[in-house]
Amino acid sequence: MAGIADELSSSVTSSPLASFMSISPTSLGSPYAPWLRDLKSDERGLFLIHLLLNCATHVAAGNIDQANAFLEQISFLSSPDGDTMQRIASYFTEALARRLLRSWPGLYRALNPDLPESSSASTFHACRLFHDLFPFLRLSFLVSNQAILEAMEGEKVVHVVDLGGSDPSQWIALLQSLAARQEGPPHLRITAVGESRDFLTHMASILSNEAEKLDIPFQFHAVISRLDTLNVESLRVKTGEALAITSLLQLHPLLAPNDDAAAPRKHFSTKIESFLTSLWGLSPKIMVVTEQESNHNGSTLKERFMEALYFYAAMFDCLESTVPRQSAERARVEKMLFGEEIKNIIACEGLERKERHEKLERWMQRLEMAGFWRVGLSYHGLMQARRLLLGFGSDGYQVKEQNGSFFFCWQERALFSVSAWRFRSIVEAGYRKVIAYQIEVCFWIPFCLELGGLVLVFVLLIVSMRRTYSGRSPDILGLQSKLTTGVYST
């Protein structure tokens, strides 16, 4: 089955429908025209794509009347329980309409009241269904656990920090794997960070019972906090522990600016910089990061709209290929998870925009600048992930490896990335730079010796060290500023 994402890609340049790209609202006619009713599914899908692109252009330009005309057409053709493109169009239409409504804050607030408690419960349920209907979270659990097991081989005391409070099933699997270690299980501490006290209490009960069954020394520590306000001291990392950190789709909200100022967005957000630096200060032996593999953090609506349309087209296509259209669970995931994410990406700005997904190449830059060193995920982990997919019942899902990181794909499109990192000491960060300067000095030594200039050799060594430490005394702590500014990023 050809994916809707492929159809979307080809439709933009398909000659029979190229005229739709510049279609005007006045040429649309009535949305109830008979010819619209007679469109076949593929034709309707292509028409919807071009209506959406034109509508987004007018919304971005603030052309309310023209945007409204396109919204009327799209609303007639789309449906949250129709085919794939109809469903996608339904949620993108709502997002574009919400963005227009923000021109009238009072009207927007009246039609979209804040319902934090019910919204939180619905989102939690939708995330649970996402775990059940897609393999992506289970793949991340498996790959993360394997990376932790390999990093913690031989360790007697292991501390795992779960940023965001993952599903207990991940840590049950880790407990079982640790119990089977040839050298015996370590003393295990799990610290889970989350906003729901009830969920973390439930998680503590499940994991404590499992550890007792397996006869593993175990402690659970819950930290009730959002990540953007987390004090790392509350994680209670102790000297002598081998530390592992996992982050499953948790870091991208920290890319939001520190304030709502209208100043141009910096290449790196201060909020994420400070958070990653605080994690680096804990000296983790392994940190596993899973994030969406798409760029939904562009500065313009047009850029975000196109990226989101491609990404969610693939996500909806996954469901179309594996779950019946009539499924209530599918409808709930599409509405409460994907629909809410689409609205946040398209309709929101500033601090309100939380879904700031970025690709691995950008996360690599941030993590390296914060002082982390990338660790290649193992071939054994790759084989385990591919074996899991064999039992999922669809050959559209793939796991690909690239430069030691894994990508979870639908067909050929990467949707999620998993990468592993470890603490890089200041000495390691500066080591390569120091060696480079020492090689430079060694190049000049024979010439100095021929001139009988042992003093010159000594002077060159001093100069090289001063260059290495940017004029500071050769104190190891002096390298910290260079590390955080990216001078020693690899």
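Just so you know, glycine gets a Cβ as well, placed from its N, Cα and C.
Confidence for the region 'VHIID' (127-192), expressed as mean pLDDT, is 95. Per TrEMBL, region 'VHIID' is recorded for 127-192.
Taken from TrEMBL, the feature motif 'VHIID' covers 158-162.
Per TrEMBL, the feature region 'Leucine repeat II (LRII)' maps to 202-234.
Residues annotated as motif 'LXXLL motif' in TrEMBL: 251-255.
Break the region 'SAW' (347-422) down by DSSP state and the numbers are 27 helix, 26 strand, 23 coil. The annotation region 'SAW' is assigned in TrEMBL to 347-422.
Per TrEMBL, the feature transmembrane segment maps to 443-463.
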(Q) DSSP on the motif 'VHIID' (158-162): how many residues come out helix, how many strand, how many coil? (A) 0 helix, 5 strand, 0 coil
